[in-house]
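Peer 1: Quick one: the structure is below, and I'll ask about it shortly.
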C-alpha cells in the first residue's frame, strides 16, 4: 500500500505523513462564526476534511476530528444589534443551520467546542502569555500579543515584510506595533462581557482556536485545517501565540488548507454578496451532488462555481447510483458457480489495479479528482464487462470495492445499507465461493488447505458435507 503524503503550507512541500502518535491522528479545523446561514464556500471546507478523515480511517488510523463553533464575535454582536435580538439567539439560530448542513452533507465531526463554553480556559491561556512576556495589557483593558517577541512570525503565510503584517487597525492607537493583535477585547457598553484579571471584556478571535484545539488535542497535534483565507492573519496568529505559550515546536505538524470557492474571478463571500446558501443549494441540486462537486477539484486549488460543473457532478452521482443498483442486482441473480477462466482473471486483475490506483491518488496529497477518474473506469468496467459476466468472485469484488470507494465519497450510504434478506443472500454467496474454492483444492490434492477451510467454517457454525467430488453445506442450528 502507498505511503500517505500531504502538502504542508508551512514548509511549502509535500511531506510524508507521520502523525505525532503512531496510528492516531488529531485534526482541528476552524469552524464557522455563526452569524448567518452557511454558504457553499463553507461546505467545501466541511466536506474536504471529512473526506480526508474518512481516508485516514480507511488506512487504519484512529482520527479525532475537532471543529469549533465561534458563538461570540463582532459579527454576531453587530447582527444582533441590526435585528434587535439577543446575541445568543443569533448564535443559536445559525448554529442549528450549521449542524443541519453537516448532517445533509454526511459530514461527521467528533467534537464541536463552543467559544462561550471555554472562557475560563481562554483567560488562563492569556495569563500564561502575559506571565511569559509575550502579551501586554493596554490602558483600555484590552490585551495584545507582542508579535516582535515571536521571531518566526510570518513563516506560515510567507509574509516576511513587516509592512504586510498590519491588522486590527481600529485599535492601532493603543498597540505597541500596528501588527500586534488582540487576545482580549475590553468591554464596550451594550456588548456581552466576562470578568478577567485585567478587566471585563471578551476573547479575541485568534485565541479561541488555540485554546479549544489544545484543550481537546493536546499541546501538539497533527493537522490544522481551514480555508486559504485563514492563513493570514488567523492561522499565523494561532501559531505564534500557541508556540509562545507551550514552548513546543512545531505546535502543528501539518498545516493543510483548502482553496476558495470562486464565483467567476471573485472569491465567494458574504461581504461581496455573491454567495449561494447551502440550504438553497440542497434544494436545487441535492447534498450528494454537492459533496461530489467539492471533490472534483484538488482541495488546494480554487473551485470555480458553474452550473455546468454542478450538472457534471449530478451525472456522476446518478451513474454511481446506477452502478450500485446494478452490482446489488447481480449479487442476487448470479446464482451459478463456475471456475474462473482466463477472461475472468483479467477482469479481476483490472479490479485490483483500479483499487491500487484509487489509493495511489488519495495517498498522493489527497488527489480526489484523480480518484474520481479511477472510479469512472470502475463503473465502465462494471457496465461493459462484469454485467455480462456475473461470476460471483467478480461481482463480490466489485461490491467490496464500491463500498471502499464510498467510505471516502460518503454519497451512497442509503443504497449500500443491506436489508436482513440481502445480508443473508450475500453470506450464502460468500460461503458458496469458499466451498467452490475448496473443491478445486481437493481436486489438486491440497487436502491440508481443504481441511483447514472445513475446520474454520465449522468454528462459525457452517458444516461441510463431502459426497464424492461434491460438497454441500448447512448452518448449525
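From the backbone N, Cα and C atoms, a Cβ is placed for every residue, glycine too.
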Peer 1: Swiss-Prot tags one of 21-31, 32-42, 43-53 as motif ''HIGH' region' - which one?
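Peer 2: In Swiss-Prot, residues 32-42 carry the label motif ''HIGH' region'.
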Peer 1: For which of the residue intervals 262-266, 267-271, 272-276 does Swiss-Prot record motif ''KMSKS' region'?
Peer 2: 267-271
Peer 1: Could you give me the DSSP helix, strand and coil counts for the motif ''HIGH' region' (32-42)?
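Peer 2: Residue counts in helix, strand and coil order: 3 helix, 2 strand, 6 coil.
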Peer 1: Given the binding-site residues 30, 209, which one's Cβ is surrounded by the fewest other Cβ atoms within 10 Å?
Peer 2: 30
Peer 1: Between residue 30 (Zn(2+) binding site) and residue 270 (ATP binding site), what C-alpha distance do you get in Å?
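Peer 2: One finds 18 Å between the Cα atoms of these residues.
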Peer 1: Look at each of the binding-site residues, 234, 270, and point out the one with the fewest other Cβ atoms around it within 10 Å.
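Peer 2: Candidates: the binding-site residues 234, 270. Fewest Cβ atoms within 10 Å: 270.
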Peer 1: What whole-number Å value do you get for the CA-CA distance of residue 270 (ATP binding site) and residue 238 (Zn(2+) binding site)?
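Peer 2: One finds 24 Å between the Cα atoms of these residues.
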Peer 1: Average pLDDT across the motif ''HIGH' region' (32-42)?
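Peer 2: Within the motif ''HIGH' region' (32-42), the model's average pLDDT equals 96.
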Peer 1: Using a 10 Å cut-off, grab the number of neighbouring Cβ atoms around the Cβ of residue 238 (Zn(2+) binding site), all chains included.
Peer 2: 27
Peer 1: Starting from the Zn(2+) site formed by 30, 209, 234, 238, give every other residue of that chain whose CB sits within 8 Å of the mean position of their CB atoms, in sequence order.
Peer 2: 205, 206, 208, 210, 224, 226, 230, 235, 237
